[in-house]
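Here Swiss-Prot flags 15-22, 62-66, 122-125 as GTP binding site. According to Swiss-Prot, the domain 'Era-type G' annotation covers 7-173. Positions annotated as domain 'KH type-2' by Swiss-Prot, on the basis of sequence analysis: 196-280. Per Swiss-Prot, the feature region 'G1' maps to 15-22; the stated evidence is sequence analysis. Per Swiss-Prot, region 'G2' is recorded for 41-45, and the stated evidence type is sequence analysis. The region 'G3' feature in Swiss-Prot is assigned to 62-65. Feature annotation from Swiss-Prot assigns region 'G4' to 122-125; the stated evidence is sequence analysis.
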Amino acid sequence: MHTSPHQAGFVTIIGKPNVGKSTLMNRLVGERLSIITPKAQTTRHSICGIVSDTDFQIIFTDTPGILKPAYELQESMMHMLQHALVDTDVLLWLVDIKEKEVPPIVEKVLAQGRIPVLLLINKIDLIAGQEALESLVEYWKQKVNVAQIIPIAALQGFQIEQLLKHILVYLPAHPPFYPKDMLTDRPERFFVAEIIREQILYKYQQEIPYAVEVVIEEFKEEASLIRISAMIYVEKKSQKGILIGKQGESLKQVGIAARQALEKFLEKQVFLQQHVKVLPGWRSQNKLLQRFGYES
């Protein structure tokens, strides 16, 4: 009996900040791997999520939002995005219902014609009626030459199963790259730091969330609990004061929320210690960015 060959490949998700890339990634993988907050530029690293079945394996990469870099950290984020495109087999280009322009990086990919591009129109639940949706799809058909245009609603999970089927059309025949039970190539410490950073993004406004880097200095698993010590770096003394808050109350609230999220993620009781340290101008220093795991 003839059986289809096993398929495996790399799929990169790109789009502007806050378009829903991390929500889509989490829907596709079925696990909460990417930080999701209402703030733009939430994703700083390329995060890999793996979906495996009997006859296929898809390695998804959620990338930082497309932006014009304002400092070294953002330069590094854009390097990561471009690096993710090098080995990708399929590109998922996510737009929302208000977008009308094609980012230069997407124009470049389309001009090369090497990678099939699936244009995903997200947040279609916010469109008033079928006619408006059809008009939007037609607009993009006239504007770009892509492999497919697929309307989705990532938050609600609409069209996600169908999207997986569309991706498999373009995925090459290949043995699995990772063990079938593996969900990501990132270590637990990475996600612990991201979960703490997520709570900071939720709680603080303006510049504070973007000046923060979280480093896990201790991750010790004991019989009944996991001991975690996190160092939170900021750029200015004033930011440290705001982060800690009056009598340490603000940081305490971050710690409570982070511990609850960590216990859910790690499925074990967590003892969390947090410290704050000033590291002047870390976002603009290549050596420090490399130390924190960003590409130069």
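In case you wondered, yes, glycine gets a Cβ from its N, Cα and C as well.
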**Report entry** Segment-level pLDDT (mean, integer) for the region 'G3' (62-65)
**Finding:** 68
Report summary line: Out of the binding-site residues Asn18, Thr63, the residue with the smallest number of other Cβ atoms within 10 Å is Asn18
Query raised in the report: Just how many other Cβ atoms lie inside 10 Å of the Cβ on Ile124 (GTP binding site)?
Result: 21
Report summary line: When the binding-site residues Gly15, Lys21 are compared by other Cβ atoms within 10 Å, fewest goes to Gly15
Requested in this report: For Asn18 (GTP binding site), name the DSSP secondary structure in the helix/strand/coil scheme.
Outcome: coil
